[in-house]
Amino acid sequence: MNIMNTEQSQNTIVSRIKAFEGQTNTEIPGLPKKPEIIPRTIPPKPAVSSGKPLVAPKPAANRASGEWDTWAENRLKVTSREGLTPYSSPQEAGITPVTKPELPKKPTPGLTRSVNHETSGGRPMAESPDTGKKIPTPAPRPLLPKKSASTDAPPYPSIPPKLVSAPPRLSVASQAKAFRSLGEGLPSNPPVPAPQSKALGDIDLISFDDDVLPTSGSPAEEPTGSETVLDPFQLPTKTEATKERAVQPAPTRKPTVIRIPAKPGKCLHEEPQSPPPLPAEKPVGNTHSAVSGRPSHSDRTRNPELEQASESGGLVQGPPRLPPRPVHGKVIPVWRPPPKGAPERPPPPKLPASKSSNKNLPFNRSSSDMDLQKKQSHFVSGLSKAKSQIFKNQDPVLPPRPKPGHPLYRKYMLSVPHGIANEDIVSRNPTELSCKRGDVLVILKQAENNYLECQRGEGTGRVHPSQMKIVTPLDERPRGRPNDSGHSQKPVDSGAPHAVALHDFPAEQADDLSLTSGEIVYLLEKIDAEWYRGKCRNQTGVFPANYVKVIVDIPEGRSGKRESFSSHCAKGPRCVARFEYIGDQKDELSFSEGEVIILTEYVNEEWGRGEIRDRSGIFPLNFVELVGDHPTSGANILSTKVPPKTKNEDPGSNSQDSSPPGEWCKALHSFTAETSEDLPFKRGDRILILERLDSDWYRGRLHDREGIFPAVFVQPCPAEAKGVASAIPKGRKVKALYDFLGENEDELSFKAGDVITELEPIDDAWMRGELMGRAGMFPKNYVQFLQVS
């Protein structure tokens, strides 16, 4: 019975092989006819995980010809032959109940024979029936592990480009036919090899069949025929190629993309990883656009949306930021003045060709421009180098020492060991010092042979004591300081208010005056019973009264000792010396910083005549600061000279007769009042300045209304410039708002905070003034007028 059963099983296998051959000739249309192979392949589904990767590349190369289906069938049979026969036997039992117990064993050798023959011979199915009897069973088994090994370790690195190139070889029409035939046959006849492909986890070739299998309603109907249609005998000729190509699909995703129509899920997962090749592969399969084209398109659109979202995320954060908020808030330029940046330099003034006075000659731009052009032609550095040379000439490195009779002499030299040369000294050797009669020689140390090491300017040398008159010897420096300072009072006024410091007082505030025990302090003002304001060592400040011994106190009038001084101050204007001035001529009045001068007469716009106690003389007005109003009665010269200049001011401006100190300004911008104290105005309005609250705010009057307004919104009127020029004798001054560095020799350089005595207007943008003995021109927008109290 066993022999009969084996013969019957072999006959059935031969008949099935013939059926396979017939179906391969008819290609795909014959797939639904043979349902017999399905029971064999379905059970091996979970077990054939190892052989699956080999199948994927084959169908990719020959999809249109239909060999892909035969290769899948062959793979399914080979896997069933390795150990999946127990699963295939029950399915065959369902089809042929007589052979159920016997078929599980023999279909497996039959399949292995056919596969063996195919792999070894590579011939068509016609030879398979004969070879099925001759080929032994164990031969095909080692082939499968070889295939799996090849898949695990691909030896051919050049195979992936072959796979990519294989799909385009087929025409679009043939591929479309293959997909259509597969799409039509697969739903009706779901091939069993598909479940095996899922278990194997191979590339999308098998997954394509897997998707087709679930579409079939019943696996028991014609699926067996579909498996028989897949010819395992045609595959042997391409077995080796499939091994090579089986390795290829794993690294490359293009075969997966081609089979996207069968597996929309994988398309969605894999397309975003390789977006560039997709557009070219869309037309290869019609089902791709129908089934998986949509999700792939959604993925493509999804990515740019995400990118836009990520990019827009930064943009979205921009709008909510603070910049848009101030737009709806208070307008900044209306109330707040612009940042204090130095204004632009105005163009040089256009001066008339002829000048009426010699004082304007230095400001002739043509001469300075010619000098600058010469400097630029001679020096590569140009103007910058010329500037440095100019300033170096203006500021000598070491001025000569004050000589006896100079007000600075007693303050700066009496405490220093020094002497005065009695005769002209000509050095006979390099160690001696040459000097002229009257030069002040600073004594450095005692030299050998009874000589003294002295210094004159930057030169040092030896001088014999017989050639000089020693004023402060080396060993009397501590004693001579207080005595000398006491002597220094006599030439000025021995009765001037002063005191002697009893204790050292270190300054703790910016306006404090540091004192050392024994120093003499000039008393300028008595603040209260406990504090004085005084001057010492060319410094002015406040100090406590209990730290000094008052020698001559300040009278209650706080103007000085003598009644005549107080009466004069009540009658006429007073000036406070801003700098020390030493007269070069006998008719000049010398004074120290902080001293109060009675202004008795204006000699001209630059010079005035004044009195300090019992001394009188002329002095430059730019060295003093006017602190008293001009009296209606007082010095005749003052009353005769000032009123005409005030009258000249009146025609320049309509309402300047109200008060000489009043200034007019012109609005550069419109100003809207934000508080009840603000003074609104429009651009071009002329405003009378009543008070300067600080450097940024003024109080003014416009149309019978008073209020405060920002200084940066206005500028002095051109007519005011002329008035100011004529008011210079009254002590009109300007204060520097910014640092200004002159670019030409005729320009006046200054720093912010300097007070300049303005002497003459040049034009609407420039004026001429003096500062610390230097005269020059400067731009008006760098300064502001100071209120005259």
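Each Cβ is built from the backbone N, Cα and C atoms, and glycine gets one as well.
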Which of the listed residues, SER50, SER65, SER388, SER616, has Swiss-Prot annotated as phosphoserine?
SER65
For the feature phosphoserine in Swiss-Prot, which residue out of SER88, SER158, SER368 does the record point to?
SER368
Need a quick answer: max count of Cβ pairs under 8 Å to the domain 'SH3 3' (570-629), which of 414-476, 494-553, 729-788 is it?
729-788
I'd like to know the mean pLDDT over the domain 'SH3 1' (414-476).
84
